[in-house]
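As given in Swiss-Prot:
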- 1-38: transit peptide (TRANSIT)
- Arg217, Gly218, Gly219, Arg220, Thr334, Ser549: CoA binding site (BINDING)
- Lys389: N6-acetyllysine (MOD_RES)
- Gly410, Glu411, Pro412, Asp434, Thr435, Trp436, Trp437, Gln438, Thr439, Asp526, Arg541, Arg552: ATP binding site (BINDING)
- Lys635: N6-acetyllysine (MOD_RES)
Amino acid sequence: MAARSLGSGVGRLLRGLQGRSGQSGWSLSVSRSTATRLPGCVPAAAQPGSYPALSAQAAQEPAAFWGPLARDTLVWDTPYHTVWDCDFRTGKIGWFLGGQLNVSVNCLDQHVQKSPETIALIWERDEPGTEVRITYRELLETTCRLANTLKRHGVHRGDRVAIYMPVSPLAVAAMLACARIGAIHTVVFAGFSAESLAGRINDAKCKAVITFNQGLRGGRVVELKKIVDEAVKSCPTVQHVLVAHRTDTKVPMGSLDIPLEQEMAKEAPVCTPESMSSEDMLFMLYTSGSTGTPKGLVHTQAGYLLYAAMTHKLVFDYQPGDVFGCVADIGWITGHSYVVYGPLCNGATTVLFESTPVYPDAGRYWETVQRLKINQFYGAPTAVRLLLKYGDAWVKKYDRSSLRTLGSVGEPINHEAWEWLHKVVGDGRCTLVDTWWQTETGGICIAPRPSEDGAEILPGMAMRPFFGIVPVLMDEKGNVLEGGDVSGALCISQAWPGMARTIYGDHQRFVDAYFRAYPGYYFTGDGAHRTEGGYYQITGRMDDVINISGHRLGTAEIEDAMADHPAVPETAVIGYPHDIKGEAAFAFIVLKDNISDENMVVNELKLSVATKIAKYAVPDQILVVKRLPKTRSGKVMRRLLRKIITSRGQDLGDTTTLEDPSVITEILSAFQKYEEQRAATN
């Protein structure tokens, strides 16, 4: 059944473009003939200002669409002279060239000038009922004190700063403080191991690290400072570690360590913002690829901020005075775009959720919605599937009448979870937006909203491209698939302001990863289906990347984490469907002949993955096999391993390139015994 609601954001966009300052006189008229030239582009409607007309305008005339939006939405120090200069063949991406601005001014100062006591942040701390509200004035003062502290300790424009902190006002201030002085932040999820943290610090050549003594999550204490201490032992570029206190517990302070709150208290609550060029780096965020090394994706100033703000406003139908509740961690791109930068640029009240969906019980989300009167709720399908199993009573116990929009992010949402979220959580009245985007895209690219008024929303489908996003489906030979009811590799044919600009220190890797497979197009790595109606449904990853609870992870990373074990000469990791996580990791390992205690090795491998990457990366299942299925050239055929565990070896497809086809029977037999043993112990 389709859910319906007004696509009111589109009308407001048009009115804003035509009348915000009385300066915008550009036309939205679009000819039907030009709008149909781009594959996947929605045909233009006769009505100016309709979703099809705006969508076609953004696709056909990017400068005319984005130029006025950037001019009127953002606060500029110096106007830009060129809206865009992009070439996907070389990975060249530039927006609003010649312009200068400061992101923190756009997120803080402009709102403080108008309404300083408006609530910027509601910190929903780990213990329910202990929320803290921070005004825009308070957040600006905290940001300036932190910015001055960084400068006093030698952090300046262009320096990199690692932030290893859980969701908190001080973490947000740390991000904005970096933006204010022109430093580049790289937030590392505060669940990553010391080794993963060190790898990111070293790749970015960070001068400073900002952290807490400890973190609190789900009633547990997380020893953040200990992890940082271990990490910086191998990080020669780190000159200072700024340590704040989340708990009263004292931690050892070494020669690099600086007590952050004490130092901030000495500083003035005013800091002159650096004027940054539109294409200066704002932040780096590390994400997994199909190879083993995480890549530091670079996002820049103006284009990213504009795109985050516009998608936040239009996809979620954000209106002034709303309380926006995105429960993502700031260590991921969702937290960057829809906890911090998008909402704050729009002057919104944004919720910082420190806890878990089931602490102290399975009603935590909905009790928070009731208490904080949240209007938009944005979370991951993994959490929805988990809470679904606890039943409806935990939801219905609380008043959710404040909710207008529900959002899903991180992975495709299955039909059952979509229906439960819509009917039970949203009482069948809330708009539900299943959003597709990536760390690389900077913001939402495909979602049911914005749309024309009253447009349908279909369960489990991302549906409509955002303005300026022109999806294209490719077949295996690199040909563009036209029309509806087709499936292929999801590409985007045109640049948009929010997309990443490069991989830090390795632009060729950026080009190879995203623009080489289909020259002239951005390749997302995902597959998609386009319906007869022109709607898009994401079908999942097409490369060796798995999505565990909304966290993208390369199988090669897990394999690398296990490769150092002296008893394990070979490993192969694949993803498989999981009821709660969406996907989980399944590892096949080959042991040396003299190993007698398989269980001990398996446990050691799990510990190794948790230590080198994070606990969420640990394979749910590990199967010992005598050998792996390889081609004559030595390549492991992971496709066959996936077939073995998902369909018991049925429909294996072409196996003629296998060096020894009998390996399939061998692994099938081992898997069957493994399953029997698991069934007997459960």
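Backbone N, Cα and C define each Cβ position, glycine as well.
Projection of Swiss-Prot feature records onto the structure.
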residue : record           : DSSP class
Gly218  : CoA binding site : coil
Gly410  : ATP binding site : coil
Thr435  : ATP binding site : coil
Arg541  : ATP binding site : strand
Ser549  : CoA binding site : coil
Lys635  : N6-acetyllysine  : coil
Subject >> Proximal residue to Lys389 (N6-acetyllysine) among recorded positions Arg217, Gly218, Gly219, Lys635 (C-alpha distance) >> reply: Gly218
**OP:** Please state how far apart, in Å and to a whole number, the two most distant Cα atoms are among Arg217, Gly218, Gly219, Arg220, Thr334, Ser549, the recorded CoA-binding residues.
**Re:** 24
Original post:
Which ones are near Ser549 (CoA binding site): of the recorded positions Gly410, Thr439, Arg541, Lys635, which have a Cα within 10 Å?
Top reply: Gly410
Subject >> Neighbour-count leader, CB within 10 A, binding-site residues: Gly219, Pro412 >> reply: Pro412
Original post:
What number of additional C-beta atoms lies within 10 angstroms of the C-beta atom of Lys389 (N6-acetyllysine)?
Top reply: 9
**OP:** Mind computing the max CA-CA distance among Gly410, Glu411, Pro412, Asp434, Thr435, Trp436, Trp437, Gln438, Thr439, Asp526, Arg541, Arg552, which the record assigns to ATP binding, rounded to whole Å?
**Re:** 17
Original post:
Given the recorded positions Arg217, Arg220, Thr334, Lys635, which lie within 10 A of Gly410 (ATP binding site) by CA-CA distance?
Top reply: Thr334
Subject >> Between Thr439 (ATP binding site) and Thr334 (CoA binding site), the C-alpha gap once rounded to whole angstrom >> reply: 8
Subject >> Position of peak Cβ density within 10 Å, selected from the recorded positions Arg220, Arg541, Lys635 >> reply: Arg541
Subject >> Inter-residue Cα distance where the pair is Arg220 (CoA binding site) and Trp437 (ATP binding site), in Å >> reply: 31
**OP:** Identify, among the binding-site residues Thr334, Thr435, Thr439, the residue whose Cβ has the fewest other Cβ atoms within 10 Å in this structure.
**Re:** Thr439
**OP:** Could you check the binding-site residues Gly218, Gly410 and say which one's CB has the most other CB atoms within 10 Å?
**Re:** Gly410
Subject >> DSSP state at Thr334 (CoA binding site), helix/strand/coil >> reply: helix
**OP:** Give me the Cα-Cα distance between Gly218 (CoA binding site) and Pro412 (ATP binding site), rounded to a whole Å.
**Re:** 26
Original post:
Which of the three DSSP-derived classes (helix, strand, coil) applies to Lys389 (N6-acetyllysine)?
Top reply: coil
